[in-house]
Structure formats: structure tokens, C-alpha cells
Amino acid sequence: SESSSKPTEEEELKQVSSLLTKFSFDDLKSATRNFRPESLLGEGGFGRVFKGWIDDENPPANEPGCRLITVAVKTLNHDGVQGHREWLAEVNFLGDVVHPNLVKLIGYCIEDDHRLLVYEFMPRGSLENHLFRRSLPLPWSIRMKIALGAAKGLAFLHEEAERPVIYRDFKTSNILLDAEYNAKLSDFGLAKDAPDEGKTHVSTRVMGTYGYAAPEYVMTGHLTSKSDVYSFGVVLLEMLTGRRSVDKSRPGAEQNLVEWARPQLVERRRFLLHGLMDPRLEGHFSIKGARRAARLAAECLSRDPKARPLMSQVAEALKPLPNLKDMASSSSYYSSSPNTKARVRSQMLLSRNGPHHHPRSYS
């Protein structure tokens with residue numbers, strides 16, 4: 001019968017990497033000070049994430065004795081959209097891989113109904129937080145550094161991992177930042193194995209977040225690594241413009257970022273590129289870099305998936321951008337541009353008051 005063939009939890013976890021620590025529920029209660037509200041870092045489709053402290057199993061030789069390390073503890077919502085299967089997908093996937101642009105999974109807890117994951121703590125939080133919630137705008141060079149790191153993470157998943165994977169939920173809230181603003185991808189519950197050799201795509205129920213998902217995937221459920229490339233294009237556009245992928249508080253024609261920006265992305269005339277850029281940067285961005293990034297976003301957002309670049313090509317194209325110094329603010333056009341201050345003010349209001357999305361699935 002089906003029930004007897006269903007693997008037990010122990011069997012399912014047999015493949016889990018020996019690199020991971022298995023925690024008891026009491027360990028994690030104690031680490032998060034009993035999941036107190038002050039420890040809450042955020043909430044998503046999976047459940048809540050709490051800040052915690054655990055003993056360092058491998059302290060440096062020059063620091064003998066007990067040392068605490070800061071972690072993020074993610075709890076599974078019993079009624080959440082993501083279930084046990086996705087919890088397991090994350091444990092099995094992240095337990096196997098180590099990469100500087102993927103968040104590191106330290107361990108897990110499976111006890112009675114409790115399902116928790118323990119990650120390295122990312123002190124600067126999510127890219128979403130910095131782009132849309134903080135009052136101080138992220139500097140241009142940092143934005144490009146984050147874009148490059150995130151591109152390297154996706155390139156690893158698609159092209160270098162032992163078992164290639166389609167990430168399927170690439171968005172600003174899933175890009176976490178360490179103290180130096182290095183980008184790390186998090187939340188692998190929706191990740192899917194890439195198609196087997198000879199197959200062009202994986203057919204699957206459409207999951208992901210509205211505004212980031214590739215149109216052909218939404219229409220057909222056909223998933224390829226080029227679906228992730230499209231989502232990367234959306235995020236790159238958010239970093240250039242300071243606007244959310246979908247923002248219902250804007251006028252009708254501006255609510256969908258890709259549709260609003262598409263005509264301007266391929267525009268050669270400089271003043272139209274300025275109209276695209278985040279006014280909160282006040283011209284402190286590289287003109288060459290912005291042009292290249294806009295062209296790259298246009299390629300990633302191509303309506304034809306085959307015309308989109310590979311993520312390794314995207315990473316290569318982004319490499320020089322954080323270091324370009326030809327600032328728009330010192331160009332004659334920008335300093336004479338009218339209404340710059342007014343646009344900065346209105347953009348800040350819209351960015352702060354814009355909606356916050358948690359959807360995971362269209363179905």
C-alpha cells in the first residue's frame with residue numbers, strides 16, 4: 001500500500017550530510033531565549049526566523065574555551081504554504097553544498113512535530129530591506145557588488161553544482177547580506193533539480209512570487225534555468241530603479257516594473273537612462289555601469305528564454321561594474337536636470353510605503 005511504501009523520517013534523513021549538526025528542540029529553545037518576540041528576525045512562506053546563539057563546536061586554536069556564534073533559526077509553519085517535503089528539500093540540498101554565495105546551513109531539528117533549520121546569521125539582513133525599507137539608500141558600488149555575488153550564486157547552482165538546480169524563487173527578500181555586503185542566496189525549499197540530459201525543461205506546478213516569475217513559466221509550468229535568469233533581470237532592475245517589481249501604489253502604467261522599464265532599457269539616449277535610475281542615488285552612479293547593467297537586465301528579461309544569457313555570462317559582465325568611477329552627478333546633464341530633488345522625495349515616500357509581498361504560489 002502507499003502508506004507502507006512512504007519512507008520514514010529516519011530513512012528520508014539518511015542522505016543528509018554528516019556536516020550538519022542535529023539539534024534537539026530544547027537546544028534551539030534555549031538558543032533563541034524561548035523564541036521570544038525580540039529575537040524575531042522575519043517571517044516568510046516557510047515560517048518564522050529567530051536570532052539565536054549556539055556554542056561554537058570548532059573554536060579557533062587561538063581562542064580556547066567556550067565561544068558563542070550567532071545563528072538564524074527557521075521554524076516550519078504547520079499551516080504554512082511550504083510543508084515537510086520542502087523542509088526536507090532544503091536540508092538535503094544545503095547540507096550537500098558549500099559556496100560563498102549560498103547561505104550556510106549549520107544544522108536542523110526534527111523532533112515530534114517540530115521542524116527547524118539553523119543557518120549562519122547574516123548581520124545585514126535582506127537586500128529587500130536595504131532597497132525598500134531603510135531610509136539610507138544603498139550606494140551604487142554596493143548594489144553592483146550584491147548583484148555580482150547573487151549572479152555567482154545562481155551560476156553555481158545552474159552550471160557548477162554536482163546536481164544542477166533551478167532556484168525558482170529568486171527575489172530581493174531571498175538575497176541575504178553578510179557584514180561586508182556579500183550576497184548569499186537563502187530559502188531553497190522551492191529549488192528543483194534541473195532537467196535530465198536530453199530534456200529541455202521540468203514541468204511543475206507554478207510556484208514562486210508574482211512579479212519575479214518568467215512569463216513562459218507562469219503560462220505553461222515549463223521550468224528551465226532561464227526562468228531564474230528572468231528573475232535575476234527583475235532584481236537587477238529593482239536595484240537600478242529603487243522600485244519594487246510590483247507596486248500597486250503607483251499609477252496604472254507604472255505598477256509592473258518590467259513593463260514600465262522595458263522601453264527605456266534599450267534606449268541609447270542618456271537622459272532617458274537617468275529617468276530610469278533610482279533618484280535616491282542623486283546621480284551617484286556610474287554612467288557606463290548603469291548603461292551596461294540596463295542592457296544586461298534587458299537581455300535577462302528577453303521574452304524568448306533562449307535569448308537570455310547564462311548566469312556565468314551575467315556574472316562575467318557584472319565583474320567590472322562595482323569599480324567604475326564615471327559618476328553621473330559630475331556630468332553636466334545631471335546637475336542641470338530639473339525636478340531631481342522632487343523626484344527623490346516622492347520616490348522615498350513610495351519606496352517606504354510600498355506594499356510588502358509574501359506570496360509563494362499562484363495556485
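In case you wondered, yes, glycine gets a Cβ from its N, Cα and C as well.
TrEMBL: automatically predicted annotations, no manual curation.
Record features, source TrEMBL:
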| type | residues | note |
| --- | --- | --- |
| BINDING | Lys74 | ATP binding site |
| COMPBIAS | 354-363 | compositional bias 'Basic residues' |
| DOMAIN | 35-324 | domain 'Protein kinase' |
| REGION | 326-363 | region 'Disordered' |
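Using a 10 Å Cβ-Cβ cutoff, Lys74 (ATP binding site) registers 25 neighbours. Confidence across the domain 'Protein kinase' (35-324), taken as the mean pLDDT and rounded to a whole number, stands at 86.
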